[in-house]
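Student: According to TrEMBL:
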type	residues	note
REPEAT	A:41-75	repeat 'PPR'
REPEAT	A:76-110	repeat 'PPR'
REPEAT	A:111-145	repeat 'PPR'
REPEAT	A:146-180	repeat 'PPR'
REPEAT	A:181-215	repeat 'PPR'
REPEAT	A:216-250	repeat 'PPR'
REPEAT	A:286-320	repeat 'PPR'
REPEAT	A:321-355	repeat 'PPR'
REPEAT	A:386-420	repeat 'PPR'
Amino acid sequence: MCLRLSTKLLNISVASLCRTKQLEKAEAALIDGIRLGVLPDVVTYNILITGYCQFVGFDAGYHVIHRMKEAGISPNLVTYNSLMAGATRQHSLACCLDMLDEMLDRGIVPDIWSYNTLMHCFFRMGRPYDAYRIFSEILLKNISPCQATYNILINGLCKNGYIKNALMLFRNLQHQGYVPQIVTYNILMTSLCKLRRWKAIMRLFEEIRELGIAPNAITYTTAMKCCFRSRRYKEGLQIFFEMKSRGYAYDLFACCTIVAALVKSGRRRIADRCIAHMIKIGYDLDIVSYNTLINRHFKEGKLEKAYNLLDVAESRGLDCDIYTHTILIDGLCKAGNFSVAERHLNHMKMMRFNCLVASNCFINGLCKAGYIDYALQVFKSSDMRDSSTYSSLVNSLCKQRRYLLAAQLLLSCIRSGMKILKSDQKNVIQGLTRLGTKADAERFKLQVRIAKLLHY
DNA sequence: CTAGGGTTAG
C-alpha cells in the first residue's frame, strides 16, 4: 500500500519534470526512486515515453519500451497511444501505423484515442480522405467518438482547405446538441484567420461570450493575431489588454504575436517594452522567439545585432528554421545587400527548404530598389510563385509605367488559377487608359473577365 | 495520453 502510494508520487514528480523538458532530472528521479525501493510502473514509463517523443523524438520514445521489458513491465494501450501521438508529432505515418500493428500483435484492442491519433496523423500528412476513412471506421466499429474526435476532424478539415465543410460540420453538430469546447472555437478562429475573415472571427468570439464559455490564453492570442492580420491594431491591442486584465500573464506565444505585430506597424518602442518584459520573466526562448527578435533588429537595419542574436540562438543548440532563413534574406534585401541575399536563397534551395516566401522577399526587395528587370529575370527562371509574387512585379512595373507588361503578368496570374488584387487590376486599367491606349485598356478588361470565368 | 495558439513577403 505504502509502496503503491510512493510510485504515484514518483509519477507525479516525473510527469512534472517531463512536461517542463527536464528529462535528465526525470531520469535522476527514477534512479533515486529505485534506490529508495520505489519501483516505477507502466505509468512511469508511459510518462517518460511522452516526454522523449515530445522533446527528443519518436525513436527515443520507442527505446523506452526496451527498458520497460527489462524491468519486467509490459507496454499497455496507453503506451502505444502515446507512441502513436509521438510519431504523429514528427509527421511519421509509417511509425504511427507500425505502432498500431505492434499493438494489435500484442492483442491490445485500440480505443477511441488510437483512432483519433491515427486520423490526426492522416490529416497532418495532407491525406484528408484517408483520415475521413478512419472516422468512418470509428462509426462502423461502433466505437463512441469523443469530443476530441470532432475537434480533430474539424481541425483536420480546416488545415486541409475544407474550412467551409468544417464550419458546416460544426453547425450541424451544434444542431444535434453537441456543445462545442473552447478548443473547437480556437480551431475555427485560427483557420478563419488565415482566410482573413475578420467579421466571422469576431462573431465566433462573441458567441463564446454569449455561451458563457471562458476564453483561454489561446483564444485571446488567436483573436489578437486576427486583428493584427487585418491591420486593426487598436482592436488587437485592446484584446491584449483584456487578456492581461484577465490574469493571463503573457506567455511566449502572446509575446511573439504582439512583438511581431508592433514591429510590423512601426511601433518599435512598445515592442521593445514587451521584449524587455519577456526577457525579465526569464522564458527559455525557442527558435520562434529568436526569429521574432532577429526580425525586429533587421527591420531597423541593425544587421550586426541581428547576426549576434543568430549566433546566440545557434550556440544554444537551436536549429534555424525556414522562418529564420526567410527573415535573414528579407533583412539582407532591405539593407540592399542583394548578392548575399541571393547566395543565401540558393543555399536554402539546396537545403530543400520551401523557398516561396523567401523568394518573394528577394523579388519584392529587388522591385522596391528599382531593379525590376533583374526581378523579372529571377521570376522567369524560378517556378516558385504565388499571387503576391505577381503583385510585387505588377506594382513596380506600374510605377515605371510599363503597363502593357504589367497587364500580361496579371493575366498569366489569373490563368494560373490565382487571385489578383482588385487594386492591382485598377492600377493597370488606369495606367493603360492614361497612356492613351484606351483600346488596350478595354481589351485588358475583357481578357480579365474571360480568364476569371475560365479559371474560377 | 491524446485535439487548439506564436515568427517570414504583400
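Using the three backbone atoms N, Cα and C, a Cβ is placed for every residue, glycine included.
Automatic, uncurated: that is what TrEMBL annotation is.
So where do these features actually land, and what's packed around them?
Tutor: Residues of the same chain lying 6 or more positions beyond the ends of the repeat 'PPR' (A:41-75) and with a Cβ under 8 Å from any Cβ of it are 7, 10-11, 14-15, 17-19, 21, 23, 26-27, 30, 82-83, 85-87, 89-90, 92, 95, 106.
Sequence-distant neighbours of the repeat 'PPR' (A:76-110) (same chain, 6+ residues past either end, Cβ-Cβ under 8 Å): 42-43, 45-46, 49-50, 52-54, 57-58, 61-62, 65, 68, 117-118, 120-122, 124-125.
Sequence-distant contacts of the repeat 'PPR' (A:111-145) (same chain, at least 6 residues past either end, Cβ-Cβ under 8 Å): 77, 80-81, 84-85, 87-88, 91, 93, 96-97, 100, 103, 152-153, 155-157, 159-160, 162.
Averaged across the repeat 'PPR' (A:146-180), pLDDT in this predicted model comes to 92.
Counting only same-chain residues 6+ beyond the ends of the repeat 'PPR' (A:181-215), those with a CB under 8 A from a CB of the stretch are 147, 150-151, 154-155, 158-159, 163, 166-167, 170, 222-223, 225-227, 229-230, 232, 246.
Counting same-chain residues at least six beyond the ends of the repeat 'PPR' (A:216-250), those with a Cβ under 8 angstroms from any Cβ of the stretch are 182, 185-186, 189-190, 192-193, 196, 198, 201-202, 205, 208, 257-258, 260-261, 264-265, 267, 274, 277-278, 281.
Sorting the repeat 'PPR' (A:286-320) by DSSP state (H, G, I as helix; E, B as strand; all else coil) yields 26 helix, 0 strand, 9 coil.
Tertiary neighbourhood of the repeat 'PPR' (A:321-355): same-chain residues 287-288, 290-291, 294-295, 297-299, 301, 303, 306, 310, 313, 361-362, 364-366, 369, 371, 384, selected by CB-CB distance under 8 Å and a gap of 6+ residues from either end.
Same-chain residues lying 6+ beyond the ends of the repeat 'PPR' (A:386-420) with a Cβ under 8 Å from its Cβ atoms: 356, 359-360, 363-364, 367-368, 370, 372, 375-376, 379, 427-428, 431-432, 435, 440, 444, 447-448, 451-452, 454-455.
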Student: So what's near the repeat 'PPR' (A:146-180) in sequence-distant terms, Cβ-Cβ under 8 Å and 6+ beyond its ends?
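Tutor: Contacts of the repeat 'PPR' (A:146-180) (Cβ under 8 Å, skipping residues fewer than 6 from its ends): 112-113, 115-116, 119-120, 122-124, 126, 128, 131, 135, 138, 187-188, 190-192, 195, 213.
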